[in-house]
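Asks: According to Swiss-Prot, the feature domain 'DAGKc' maps to 2-133, an assignment based on sequence analysis. The ATP binding site annotation in Swiss-Prot covers T40, G66, D67, G68, T69, I70, N71, E72, T95. The annotation Mg(2+) binding site is assigned in Swiss-Prot to L215, D218, L220. Taken from Swiss-Prot, the feature active site, proton acceptor covers E271, and the record attributes it to sequence analysis.
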Amino acid sequence: MAEFPASLLILNGKSTDNLPLREAIMLLREEGMTIHVRVTWEKGDAARYVEEARKLGVATVIAGGGDGTINEVSTALIQCEGDDIPALGILPLGTANDFATSVRIPEALDKALKLAIAGDAIAIDMAQVNKQTCFINMATGGFGTRITTETPEKLKAALGGVSYIIHGLMRMDTLQPDRCEIRGENFHWQGDALVIGIGNGRQAGGGQQLCPNALINDGLLQLRIFTGDEILPALVSTLKSDEDNPNIIEGASSWFDIQAPHEITFNLDGEPLSGQNFHIEILPAALRCRLPPDCPLLR
């Protein structure tokens with residue numbers, strides 16, 4: 001195999017006993033690739049490992065985990081200053097892997113690793129909330145956020161993305177819409193939202209296409225609001241074709257402002273953020289990511 005620059009894999013601590021991954025890394029090392037491995041234990045580890053990666057001079061930092069791990073690693077990368085900032089590689093090892101799935105990262109570990117190390121590095125956007133928290137995939141609000149936040153880990157491990165739907169059905173009696181006002185470029189809406197999706201990527205919640213037209217390098221955020229009087233039809237509508245659905249409001253903008261009379265919660269790549277005021281803006285070409293040539297989220 002041709003020579004490739006060194007990489008550093010930041011592995012979510014939950015995946016340390018993954019024997020096939022260990023074997024795949026050993027095989028690539030035997031082929032001459034330099035792959036450093038670091039394991040996260042607590043929040044902040046990824047940022048420290050990215051600093052170490054820069055000192056090692058690696059070309060790629062690989063996020064090994066789910067959407068939360070990808071978020072933490074990509075956030076640390078965009079905060080780097082100077083030249084020679086490593087590209088982001090993705091090794092999907094989480095429950096839902098929404099971002100990795102939507103950009104067509106291979107499911108096979110060996111293929112995903114090779115792409116993360118040797119794939120083309122393409123500039124992609126990220127999004128920032130209130131000038132602080134970032135997300136690479138999607139911000140979701142409404143009852144969907146509460147479902148994904150509260151779904152038990154054992155249920156997610158057993159059933160994957162379907163677990164969110166099952167838990168949502170179990171919680172329907174306590175889920176209410178969120179009243180809010182949303183503004184963007186040439187966009188204004190106010191009312192009761194059952195689900196809010198603001199996407200740099202397209203899917204969340206274990207495979208639900210909340211923002212099916214989103215692209216990760218167009219400098220825009222895609223917005224979708226699901227409205228209606230009943231929770232169950234809205235939940236079901238995310239599973240089927242929604243063409244000409246009167247309960248769906250759509251918009252696109254480089255920024256959105258959300259105001260609510262009460263505290264609401266957004267889920268940012270799996271991390272909850274609560275408040276009454278949110279300013280969400282796109283950060284164009286914020287980092288480079290190694291993606292497959294058939295990635296459908298590129299313009």
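Cβ atoms here come from the backbone N, Cα and C positions, even for glycine.
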Asks: Whole-number Å only: compute the distance from the Cα of L220 (Mg(2+) binding site) to the Cα of N71 (ATP binding site).
Replies: 18
Asks: Does DSSP give the residue listed as 'active site, proton acceptor' helix, strand or coil?
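Replies: Going by the DSSP assignment, the residue listed as 'active site, proton acceptor' falls within a strand, counted as strand.
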Asks: Could you tell me the C-alpha distance between T40 (ATP binding site) and L215 (Mg(2+) binding site) in angstrom, no decimals?
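Replies: Spelling it out, the Cα of T40 (ATP binding site) and the Cα of L215 (Mg(2+) binding site) are 30 Å apart.
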Asks: What is the Cβ neighbour count of E271 (active site, proton acceptor) at a 10 Å cut-off, with all protein chains included?
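Replies: That number is 17.
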Asks: With every protein chain in view, what's the tally of Cβ atoms within 10 Å of the Cβ of T40 (ATP binding site), excluding that atom itself?
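Replies: I count 23 other Cβ atoms within 10 Å of it.
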Asks: Can you tell which of the recorded positions L215, D218, E271 lies nearest to D67 (ATP binding site) in space, using Cα positions?
Replies: E271
